Amino acid sequence: SKLQIGCSVSGVIDGKFDNGYLVTVNLGSEQLKGVLYHIPHAHNVSQSSNNSAAPTHRRRKRSRLALRDPSRPKSNRSGYNFFFAEHYARLKPHYYGQEKAISKKIGVLWSNLTEAEKQVYQEKGLKDKERYKSEMLEYRSSYDSTVQQ
């Protein structure tokens, strides 16, 4: 059955996230699960306040990632990402509050690795890429089946 624009349906909100809701909607005998996005409108600041001493606030554009479906698989990580995570956890207690210093140190460690040492991490990255590809195929096929109903 097709939904017409403006028609009303009944359902339940299964969960909430920053920009919307996870919902289950009843449509005849079918139960559809999906995401209902709510994008707040930018409120215009009144023009008459230009001569006041109050600082003007610019609205930051929302990250496009924030609008992503929360059930979408996490992106694959590169070999460097695995190396970084491992060393960051080890170095953080020694350099508390110095995130930039930790990042630079890890970059230097990475550049000093031999190709064979890097290969260990690159293979983890390739495995994760395969995981991402298969999860995306599964996600897309389940997404397509909910959209076509």
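Every residue gets a Cβ built from N, Cα and C, even glycine.
Summarising the annotation, TrEMBL assigns compositional bias 'Polar residues' to 45-54.
If you look up TrEMBL, you'll see 45-79 marked as region 'Disordered'.
Residues or ranges marked as compositional bias 'Basic residues' in TrEMBL: 56-65.
The annotation domain 'HMG box' is assigned in TrEMBL to 73-140. Model confidence over the domain 'HMG box' (73-140) is summarised by a mean pLDDT of 93.
The feature DNA-binding region is assigned by TrEMBL to 73-140.
DSSP assignment over the domain 'HMG box' (73-140) gives 52 helix, 0 strand, 16 coil.
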